[in-house]
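> The following block contains the structure, expressed as structure tokens.
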Amino acid sequence: MDAPSIVIAPSILAADFARLADAARAVEGEADWLHVDVMDNHFVPNLTIGLPVVQSLRKATPIPFDVHLMIEDPERWAPGYAEAGAYNVTFHAEATDDPVALAKTLRAAGSKAGLAIDRDTDVTPYLDLLPHFDTLLVMTIKAGFGGQKFLPETLDKVRAVRRRIEAGHLEVRLEVDGGIAADTIEAAAEAGADAFVAGTAIYGAADPAEAIRKLRALGSA
Ligand code: DX5
Ligand code: ZN
């Protein structure tokens with residue numbers, strides 16, 4: 001039997017923000033998802049892009065959008081990204097008191113629902129919620145900035161989530177985000193991740209499409 005296919009999601013946080021449509025086109029045919037980091041300068045110190053940019057970019061490429069909301073009050077903002085045509089909308093566990101309710105809202109609005117766990121958050125209390133989600137994103141850095149060093153200690157959380165997905169026969173993508181590159185993707189894959197976000201390793205490369213092919217080969221091994 002073939003190994004189940006993995007997802008590679010280039011993060012446009014590392015692309016040229018004046019040429020986002022070109023950045024999307026540069027990975028068409030290679031990327032599975034386009035990872036879009038929305039930051040509000042409150043949940044994290046950084047500030048990136050919001051709904052109007054996502055709405056415009058949605059019209060510029062057929063690649064499914066993986067929207068990663070690093071924002072406060074996701075109840076207010078997350079459904080708009082689903083309505084804008086995002087394939088998956090992930091919000092942070094630390095930003096909401098009722099993640100299951102928001103997951104239901106997102107699914108009703110037409111997207112998959114994702115839950116993100118930041119570097120300093122224990123995943124254990126969220127394992128029982130996995131059946132309500134389509135993706136579980138484990139941050140392998142502290143959320144907020146691209147170009148940080150991968151933290152191998154976060155892989156214990158990936159292992160715990162993978163065990164629960166298998167025990168429950170759940171259909172949940174297990175995504176890692178932060179410092180994923182040729183020298184770290186294999187460890188993340190071995191721990192059980194099957195979706196990989198990479199910003200610097202893809203858009204910092206001379207040939208982003210070739211960088212994706214290389215990551216895919218390493219992450220699938
Ligand atoms: C950071 C973002 C990441 C970021 C990863 O908080 O969530 O998606 O783009 O960037 P790299 O791959 O450079 O670590
Ligand atoms: Zn991200």
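The backbone N, Cα and C atoms fix where each Cβ goes, glycine too.
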> Given that TrEMBL assigns His68, Gly144, Phe145, Gly146, Gly147, Asp177, Gly178, Gly179, Gly199, Thr200 to the substrate site, pick the one from Ser5, Ser11 that the record assigns to that site as well.
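Matched candidate out of Ser5, Ser11, per TrEMBL for substrate with His68, Gly144, Phe145, Gly146, Gly147, Asp177, Gly178, Gly179, Gly199, Thr200: Ser11.
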> By CA distance, which of the recorded positions (Ser11, His68, Gly144, Asp177) lies nearest to Asp37 (active site, proton acceptor)?
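Ranked by Cα distance from Asp37 (active site, proton acceptor), first place goes to His68.
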> Can you tell which of the binding-site residues (Ser11, Thr200) has the fewest other C-beta atoms within 10 angstroms of its C-beta?
Thr200
> Say we define neighbours as other CB atoms within 10 Å of the CB. Which of the active-site residues Asp37, Asp177 has the fewest?
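Checked Asp37, Asp177; of these active-site residues, fewest Cβ neighbours within 10 Å: Asp37.
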> Check the DSSP secondary structure of Gly179 (substrate binding site), expressed as helix, strand or coil.
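Looking at the DSSP assignment, Gly179 (substrate binding site) belongs to neither helix nor strand, so coil.
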> Enumerate in sequence order the recorded positions His68, Gly144, Asp177, Thr200 whose Cβ-atom distance to ligand 2 is under 6 angstroms.
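Passing the 6 Å Cβ check against ligand 2: His68, Asp177.
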> Which is it, of Gly144, Gly179: the one of these binding-site residues whose Cβ has the most other Cβ atoms within 10 Å?
Gly179
